[in-house]
Amino acid sequence: MSEARPRHIPVLGPEAVTLLAPRDGGIYLDGTFGAGGYSRLILEAAATRVIAIDRDRSAIAGGFDLVQGAGGRLTLVEDRFSNLAEVCAAQGAPAVDGVVMDIGVSSMQVDQADRGFSFRQDGPLDMRMGTDGPTAADVVARASETDLANIIYIFGEEKFSRHVARAVIAARKEAPITTTKALADIVASVVRAKPGQIHPATRTFQALRIFVNEELDELYQALAAAERVLKPGGRLAVVTFHSLEDRIVKTFLAERSRVGGGSRHLPELAQAAPSFTVLTKRPTTAGDAEVAANPRARSAKLRGGERTAAPAHRPDDLPGWPTLAGVMKAGVTRAGR
């Protein structure tokens, strides 16, 4: 396979593909195409077919050379990975042998100042992975102080969330907050960081990005969809980069692999048959060499499971993942919904 696009090595890419164990003739779903690193590794590992999804139109356009070099074995689809079951069916592959997902914003998106993901370079306060729905600037402009504080606390795990929200509300009364630098400066004025710690705006930017893109709900829906499309013996590999994502994946696999049953007195408490076997009792993390080459890998965790022959569970059978059911966007509707 040959292509002109620079080679991209994804975080924990070799480990994720080893976990998937691609085989000749197998069909694999890359739920987060990005720069194409996982898709490329799967295509190189065996004579496979890969269906790759990304909601970012620029990522799909950037994959043209890889598609050309794959000899008809790679199909790119612009969509959300929560719709992966529908995508697979539309591509004539209602059941697949493996699913890989790399959760969160890509390095490619962070490096583009005009996408508004990074506080390290100035750009419009956008943060959308696609082209639909409200931007981060919309949320910052319209959310109430309470809603904004809850967003930052729940999705950013920022202990100074109320201070940040108060500062944002005060600042927007003076002038609209429309750039990443403007927001980062506001956050830095109330959140102090010691030398060697993360940038003061890190958690606030994470929270807004997750909220704007509905990332946690998307992740859970994608996991449930993967459960439906994986063949018995098919494998799921998920790379996460922060505790909220990892908690969802860990809980999903734990719930889906749990063995239990009701008693003759309370048969209604019987546990559904396990739909997964956990392959990673502890998450796989990046080694020193990978972290040195790519600092983003420091927080990465890889978890995986193998599909059993049991029916898929109901998609609402995962308690306790973080949501904002009680938080309305004060005039800002959820992206694309």
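Using the three backbone atoms N, Cα and C, a Cβ is placed for every residue, glycine included.
Pulled from Swiss-Prot:
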BINDING   G36, G37, Y38, D54, F81, D102, Q109  S-adenosyl-L-methionine binding site
REGION    295-323  region 'Disordered'
Which one of these binding-site residues, G36, G37, has the sparsest Cβ neighbourhood, judged by other Cβ atoms within 10 angstroms? G37
The sparsest Cβ environment within 10 Å, among the binding-site residues Y38, F81, is found at F81
Taking all protein chains shown into account, the Cβ-based neighbour count within 10 Å for D54 (S-adenosyl-L-methionine binding site) is 27
According to DSSP, does D54 (S-adenosyl-L-methionine binding site) fall in a helix, a strand, or coil? strand
